Amino acid sequence: MAPIAFLTKSRQLIRPKSFKSISTFVHLHQEAELAEPPLPPSSPQTPLPPNPASGSPLYNQNWMNHIPSAGPGDAALIPAGLGFLRPNSAARMQSLSQSLDSKSLLDQFANWMASQRWAEMKQLFEFWIRSLDKSGKPNKPDVSLYNQYLRANLMIGASAGELLDLLAQMDDFGIIPNTASFNLVLKAMQKAGETKAAEKLIERMLQTGREYKESLPDDESYDLVIGMLFSKNQIDSALKYIDLTLKSGYMLSMKVFANCVQSCVSNGRLDTLVSIIERCKKMDQNKFVCPPWATCNYIADLATRSDNSELTYYALEFMAKWIARGEKARPAVHISADEGLVVSALGTAARTYNSKLLDGSWAVLKRSLRQKVPNPESYIGKIYAYANLGNLQKAFGTLHEFEIAHGNSKQEDTEGFFSPFHSLNPLVIACSKKGFETLDSVYYQLENLSKADPPYKSVAALNCIILGCANIWDVERAYLTFSSIESTFGLTPDIHSYNALICAFGKLSKADEAVKVFEHFVGLGVKPNMTTYSLLVDAHLVKRDPKAALSLISDMISAGYEPSKEMLKKVRRRSIREMDYESNDKVESLARNFKIRMGTECAKDVGCQVFSFALKSTLVSLHIVNFGFTTS
């Protein structure tokens with residue numbers, strides 16, 4: 001006994017894992033091993049079989065058979081040189097299973113899940129259900145414990161079919177699968193891409209849930225199925241389950257919502273996307289659903305291109321939520337919407353007559369700029385929207401803001417921001433929509449505002465009224481309004497004022513008066529622009545005088561402007577109709593000099609041209625005949 005005691009005090013029986021032997025032969029490293037104490041004769045070495053009266057589902061099986069194979073992790077715990085000392089994993093699992101009740105087993109699984117010991121969880125559960133509890137009855141798992149067994153099988157790569165078989169075995173233990181049980185099977189189906197099986201399984205969950213509420217699908221169940229359907233581009237089926245998700249009162253996950261947005265946008269189903277967003281906004285659970293910032297911009301851009309005002313509004317609303325979140329963060333994160341995108345949204349609001357989108361777009365822009373002045377295009381878009389909506393009061397109010405922000409009387413309006421022919425033309429159309437009734441109403445409101453405190457006087461607003469009078473062919477009212485710029489409002493007419501008056505005279509074929517207006521403001525030192533020359537050319541063409549129009553084009557070229565293709569086509573058309581072929585040749589020469597491809601006229605104009613040449617030939621023939629008759 002002394003040598004054995006000496007060995008137990010001086011050396012370990014099993015070396016640690018860091019032990020490295022010099023030789024690989026096992027017999028060179030054999031060491032003394034203590035014999036295990038014999039078991040008392042009173043303790044049985046083999047457990048009794050299950051009681052047949054207990055109704056165990058394992059009674060007909062060979063209860064003596066154990067799983068002989070050990071887990072792959074157990075083999076790595078013992079060095080290769082000490083293979084004869086490797087413990088029996090099955091025996092260890094069997095011994096552990098006999099010492100655990102259901103609660104202890106669940107705690108053991110919780111510890112092993114952290115280290116992902118899925119194979120050992122599966123093996124221990126199979127041993128445990130073959131063991132007896134303290135009362136001598138077979139262990140019976142509950143649904144939560146069985147779900148851990150299903151999870152272990154899923155993590156080690158079990159297929160959806162194998163999990164369905166395990167799900168069917170729950171009836172042997174008198175367990176009804178709950179939602180978590182079905183979700184584990186759905187995850188396996190998601191990995192395999194089995195969409196049809198997933199739809200059948202969720203229908204089974206709905207049927208089972210009518211009697212057992214714990215089996216109804218939850219938000220995770222719907223997310224798994226919807227994600228599979230979107231991945232297979234089965235949009236209609238996915239939308240059906242999204243509808244079920246919302247009807248059940250569950251929250252739509254951001255991943256599913258992003259997939260929904262992408263699929264609806266890719267397939268052009270914007271109205272469907274609008275209906276889903278509206279339903280989410282009506283529910284408390286989904287009220288705060290907000291897609292990522294990039295997705296918001298993508299939705300807004302596509303919605304403005306399609307003139308979908310409702311979807312554009314929701315996209316801007318999502319962007320406003322992101323801006324508010326950034327402002328509340330510490331440190332603050334300043335997120336700004338693209339001003340060009342907001343201008344597009346204003347255009348959509350104008351074309352669809354959506355005042356809600358108009359107010360929302362401007363609010364997002366002001367919050368994004370943070371006390372900065374919007375660009376002129378933003379003001380023009382807002383004026384355009386209010387003018388289309390017929391809200392002239394707010395339209396002229398926006399024009400006043402525009403003039404304060406960007407109006408500079410000392411700087412020439414080269415961009416045409418305050419031109420009634422270009423940027424402010426929607427306001428002109430709105431003013432002349434009901435004829436002189438609307439024009440007089442706007443004029444009297446401007447006259448009253450000029451006497452207010454502080455007074456509001458605007459040449460741009462009066463120019464819109466002058467051009468509006470020209471649009472209704474009322475040159476007298478246009479001339480009176482032009483005269484009131486100086487006499488009533490105490491302002492000085494600008495080039496746009498003179499252009500509007502020229503337009504009024506030109507529409508009534510009063511080219512001489514239009515030329516006098518031109519000569520008048522040129523004598524005052526006001527420089528004409530391209531619009532001036534274009535209006536004068538139109539006035540001469542209305543009077544059927546292409547030669548005067550070409551003379552004016554020569555003056556325009558001398559002033560540094562180039563004729564447009566549309567202007568030359570108008571002159572050519574009038575020259576052909578008036579059979580002025582000399583003027584037609586000059587037009588062709590100008591087109592070649594400025595490298596303008598005139599192209600061909602429409603069928604009607606070509607017919608007129610052929611008719612004019614035929615008429616000319618006929619007249620020449622008649623002239624020859626008459627000349628011959630006279631000489632004879």
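Quick reminder: no glycine exception, Cβ is built from N, Cα and C everywhere.
The region 'Disordered' annotation in TrEMBL covers 34-60.
Marked as compositional bias 'Pro residues' by TrEMBL: 37-52.
Sequence-distant contacts of the repeat 'PPR' (178-212), counting only residues of its own chain at least 6 positions beyond either end whose CB sits under 8 Å from a CB of the stretch, comprise 143-144, 146-147, 150-151, 154, 158-160, 163-164, 167, 170, 218, 220-222, 224-225, 227-229, 231-232, 234, 237, 241. The repeat 'PPR' annotation in TrEMBL covers 178-212 (among others).
Under the heading domain 'Pentatricopeptide repeat-containing protein-mitochondrial', TrEMBL lists 339-484.
Regional average pLDDT for the repeat 'PPR' (494-528) in the model is 93. What TrEMBL records for 494-528 (among others) is repeat 'PPR'.
Sequence-distant contacts of the repeat 'PPR' (529-563) (same chain, at least 6 residues past either end, Cβ-Cβ under 8 Å): 416, 419, 421, 495, 498-499, 502-503, 505-507, 509-511, 514-515, 518, 570-571, 574-575, 578, 580, 583, 586-587, 590, 594, 596. Per TrEMBL, the feature repeat 'PPR' maps to 529-563 (among others).
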How many of the residues that make up the repeat 'PPR' (178-212) does DSSP mark as helix, as strand and as coil? 29 helix, 0 strand, 6 coil
Secondary structure composition of the repeat 'PPR' (494-528) [DSSP: H/G/I, E/B, coil]: 26 helix, 0 strand, 9 coil
The repeat 'PPR' (529-563), counted residue by residue under DSSP: helix, strand, coil: 26 helix, 0 strand, 9 coil
